[in-house]
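To start, the structure itself, in structure tokens.
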């Protein structure tokens, strides 16, 4: 927990879990605006591969990030089951592509175990902890920190 | 240049109403014990905006009230005075008065002149006499608070200084200076300077410390010639009866102290001694023997003129020039001297009671004495007002104010509707036209209606810049008259369309900038001539689209910014500055809150409000303010606003399956290239020969990091022109021409090189709008420029 940022410790205790490949992730439900099917975004030139482009969400231009590409998890296939989670990060609206949304679960901070440090694609800075539900391990991500980070290339370098 | 200002009155009424409401709510929430500086600033800004707007439209009655309001607020926010509950009351009362005046201008009943003057006097007494209300200083007039006292107490001083010969020789300049000086401190001019006798002598009543006064005067004259001496109390009484309770024994003013008068000449036996020392402010009483001044006290207001034998007269008319000797004093009060800035509350010369009476109901050109033809002005003001009353009454009925959010929502919903309609039309295309004849004709109708609806909704938001620009000739003219400057106002690009919300929000900043340019930028005619420039200065207002931004520029050919003075002032303010700062950084300093290099606070500018507000407002719109200045040649201030919701005429082009929008304004022509016209240059660069010109070919695919097309014969060349010059964009196909609503990519994503924004096409997909200048830069592949792009 030491590595997580102080301000964003989740308070609701409710997490939306989704799958990326065979891993299960959880994010604070309060950051989620909506869940929708995948539609082909408009490509943006010179953007990193995990930024699929932008879509029109009822008149708002929303960038779409494919977390599977970002974290090298599973095959980035796009079919009718591919899901986009629209997130509200600060004042921004961002969509993430995941393999599927599974559940909304309750996790108290006590159920979270710190994630071990090692050089994975997902920096432990952005992991709030590992939660256990039945036999499943849920990687609880500080999605706000992650999406605002430099490496997601979603925000202007100078502005960050 | 004649502009019908009445079309903008409604805007001002709405804005002023908002500012008033805002001010009131802030005041009501204000913690008197520990006022939040930010709140005070916000209240000040609201008052300042009302003043600016009312000045623009010639509602000078409101201008004068807000100016007084602002003076006190300014002291509060600079923490020269501590907030007291009665100040909040006075502010609220001032807000009520302003609202009444506003209603009057909108065709309502006339505002009560008594309450206006009551409020003004209270505010002024709080602003100037505030410190005098503390117990130790409750009767300063006859003792003449010691000259050694620190800043704060009201002191009476004899001030004299020499004017530079070239200024003293010019009567207009002298009048300007004297008026300006009298507006800043209450003063009674004893000797006006002239070419023969350049010494200016005045009797001054002020709360300024000597040093402050010297600083102030240094603006007018050589510091070495300034002399400040405490004036004898006796002399003060003789000279102007200023601030004295000129009472005869036995005057029953005992009840008058309710609301505070600071200056009592407590003659033996006068009940005035009973005045509670904590009373706010001061009062000017001239109670003739036996006059029941007591009745007048309720209103906490400054000027009484009670004639004997008029017991029924309480406070109906504070000053009736010519009515009694007191009228002469009204003239003598430095506070009420009609300054050029519209401060004067009593336009009537002594004895011209009718003049005052006539001017008051007209309520228009109060105190604009300094302008060259006051009579013409007044007449004009009066007539305008009646015109406007009629138009505003109808304007009120024909427009409603809707929140921008609702309009945005409407636009987005209509956008969705258009997309849905396109989908239905698409699906209906598969139906048998004979069987589904009715359905198909219905869908056609729907298509037409949807298009009309979309156009109407779009047009709600867009307004030409002339909406803003046409306000300014009046502002410039009036100000130029006040400041004795000659100005030519030029406007360029009035037809540039701008989103309504932006129009509304840049009006105030632009007004500030223009006032600044006029006041600080342009020199007086004689100085201009001395500098070898035409006597008439030029201010240019320019609006244009540039690289996906809207740029609004205010250019003047004045003196430019003074680097040394800005740095010195910044140091004085304790800001972190050093000599090695670039000009650009130095210019940015003037946009710091409270920063003003002007020595004298005038009605026009110099309070240091303005540039910081301008910056704040512009940045709030996601734009930025750029300053360029060259000493002696002028200043250019550019407001660069992103195209958040502007509409653009664009050509959609297809490139490798993607759709891009090329702004129509950038397109010169488009053509199908002949293989012969395309030549190679240095191996891999290609140029096209079009009517004697060789233009570089930029394949759009290359710009966006894709491989270049193998051949150039199967596509379209779009010739574009930008600040980077002409270029030939190579695309796969032209798809059509659209009016597109520009959406910001940066709101949720980031800036993309070569792209100025995004839009939503009829099919619901997003298309990116090209920034032609950046595309050209990238396409021509100057490595350095590519980094910048």
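First residue shown is number 1, and so on along the chain.
The backbone N, Cα and C atoms fix where each Cβ goes, glycine too.
No curator has checked TrEMBL annotations; they are predicted automatically.
The domain 'HPt' annotation in TrEMBL covers B:1-105. In the domain 'HPt' (B:1-105), the DSSP tally of helix, strand and coil residues is 84 helix, 0 strand, 21 coil.
Taken from TrEMBL, the feature phosphohistidine applies to B:48. Over all protein chains present, the Cβ of residue B:48 (phosphohistidine) has 24 other Cβ atoms lying within 10 Å.
Annotation source TrEMBL lists region 'Disordered' at B:129-150 (among others).
The annotation compositional bias 'Low complexity' is assigned in TrEMBL to B:131-150.
Under the heading region 'Disordered', TrEMBL lists B:363-392 (among others).
For the domain 'Histidine kinase' (B:435-645), the model's pLDDT averages out at 79. Positions annotated as domain 'Histidine kinase' by TrEMBL: B:435-645.
Taken from TrEMBL, the feature domain 'CheW-like' covers B:647-781.
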Residues in the domain 'CheW-like' (B:647-781) per DSSP class, helix first, strand next, coil last, are 19 helix, 72 strand, 44 coil
